[in-house]
Amino acid sequence: MANHPRGRSGRVEQAADPDDVQAVGYGPRDVPQAPERYAGLVVHKETSGRGERWNDQLMQPEPSAVYVVDERYLYVTDKAGRVTHAEGWLGWLPSAENDERRNLQAQREAGEPYRQREDDGGHLFATSLDGPGEAINLTAQSRTQNQAVKGSDNWRRMEESWQALRAAGIQVHASIDVRYADASSRRPSARAVIDRHEGSRSPRRIFKETKPRPTRGHE
């Protein structure tokens, strides 16, 4: 596949490494395919929203289902309708286009009623990586993971490394498993991530959440 210049900046979108494509099972221009362990789940194909026009199907995803969003990102929900797996080839958006991808209300409500006072609404795939603004792409996330912390190899630091690779036109595939402490909580206890780019697979990185304080009604 030839390299393709994109935009006035001269940024060049590189071809994905063939070994990465083979390992993942689909390329950056292909529709994501769910891993075999999710065979049998209903597959929904949806388009995410922009600005104030959000996709209601992605605001309240159905339980035990696979969602393919924008033919870029794939999400899997459990019996409680919580996202437990997400993956895809990372997109790229110039900073000027990020704002219309943000759903501030959904970010404020992510994880309720289990959300903690010190939490943000954190994206599984950042808006700069063309991640959806809807709830399917959001979880409650501690600020120690979601925001820059000097000297920390936290979630934000990982996002920044992805952004740098994509800004350089390098194709990156990321796979995220979201873990919860019990069958009812909507606040993750950890996120496990593996990414692939330039023919290399990262080690599994686990980003643990802060221990939750009791919430009203769950004390």
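Including glycine, each Cβ sits where the backbone N, Cα and C put it.
Whatever TrEMBL says is automated annotation, not expert-curated.
Looking at 46-65, 106-125, the range annotated in TrEMBL as region 'Disordered' turns out to be 106-125. Break the domain 'Type VII secretion system protein EssD-like' (65-192) down by DSSP state and the numbers are 35 helix, 40 strand, 53 coil.
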